[in-house]
Amino acid sequence: MGKYFGTDGVRGEANLELTPELAFKLGRFGGYVLSQHETEAPKVFVGRDTRISGEMLESALVAGLLSVGIHVYKLGVLATPAVAYLVETEGASAGVMISASHNPALDNGIKFFGGDGFKLDDEKEAEIEALLDAEEDTLPRPSAEGLGILVDYPEGLRKYEGYLVSTGTPLDGMKVALDTANGAASTSARQIFADLGAQLTVIGETPDGLNINLNVGSTHPEALQEMVKESGSAIGLAFDGDSDRLIAVDENGDIVDGDKIMYIIGKYLSEKGQLAQNTIVTTVMSNLGFHKALNREGINKAVTAVGDRYVVEEMRKSGYNLGGEQSGHVILMDYNTTGDGQLSAVQLTKIMKETGKSLSELAAEVTIYPQKLVNIRVENAMKEKAMEVPAIKAIIEKMEEEMAGNGRILVRPSGTEPLLRVMAEAPTTEEVDYYVDTITDVVRAEIGID
């Protein structure tokens, strides 16, 4: 991570950390870096979610892009993966999404996609950061016909909706409950599932600029769980603020998380011979029950660090076509270059229709082990060295011996905060509590600063 770019673009509290001034510079410098090798006038797509700060930042960002001669196609409110899809399929130089995903309304972010539809690599981000930190702005300042042109492009959203519908199957009156998180999916999810023939109940579809992710969406699925039961829906589908995640709810109101969604889609593709190298890419946070279910089905797995960018890197490097995270980021590389909650939802309902199975039946094949995660505040300098402390190393080894292969312990530093994360999984909550509490007691005694 750099000075400005984190694991998912530039983020911060809007108008305080992520200011219009910074947005202008990101547009100007980012647009230049991503289009300097173009032979024709560069074209960049810009989308945003429903945050009150979105239009402010969009105006500044667009001004920066136009100032270096880039033609900007303004997409309005739509999902992050829609920007990636349109960049790749319509030959744009780049795409930019203004969103802070599942964060509250006071935050916002700016995320770039290259001309291939993928998020920027570290080298491109470093080029942009170098320009941001330069003492003087020496980039070209064209005038008159050299300036960029601004185009409103609402057709982009319709094209994305049509594409997702084309990947699904008719749902013939299936009762579907949607929670669009008062976010980006509020402009598209209803239309997509109506076009597929579903009978819909929708919540979280009245954005006011301040209520994005507020007690709704994939991080707060409780309202959707109740709605599914009340409406008798076959499935509930909860997206986050920019709709790159999906958490599902079965007909009984039970959560079906990213691990289970990946398993269901992965098994379906594997049985059809369409799962590349018969492998799913996942992260170290995926549940042990998910791993055991894959082993039972003979499906391979590749494990990465936490973060969808690392999942995508591994998929691209090794040619895999399915990967994701427990949090609901699911990447279906045959269809799009990034996590796409609405695409995952369309595929999940297609599998239900084709197999004739309920979501609870499909999800029951994965027995999720109870999991507990505790964050311990430590000095930044110590979080990377925790495993070198003899007492900590010894207690982890002792707990792993007691588990005897029927559980899992993961101790890792936070990538952004002075925290050490201690996680355990085991067959019962009592065992999980015992393992985590025993380890955290030792960690706190040795290096904790609480």
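The backbone N, Cα and C atoms fix where each Cβ goes, and this holds for glycine too.
When SER93, SER101, SER414 are compared with the Mg(2+) site residues ASP240, ASP242, ASP244 in Swiss-Prot, the one appearing in that site is SER101. A gap of 5 Å separates the Cα atoms of ASP242 (Mg(2+) binding site) and SER101 (active site, phosphoserine intermediate).
Each residue contributes its Cα atom, and for ASP244 (Mg(2+) binding site) and SER101 (active site, phosphoserine intermediate) those atoms are 8 Å apart. Apart from SER101, ASP240, ASP242, ASP244, the Mg(2+) site neighbourhood in this chain, defined by C-beta within 8 angstroms of the site C-beta centre, holds ASP49, ALA79, THR80, SER99, HIS102, GLY183, ALA184, PHE239, GLY241, SER243, ARG245, GLY339, GLY341. Spatially close to SER101 (active site, phosphoserine intermediate) yet at least six residues away along the chain are ASP8, THR80, GLY109, ASP240, GLY241, ASP242, ASP244, ARG245, judged by Cβ distances under 8 angstroms.
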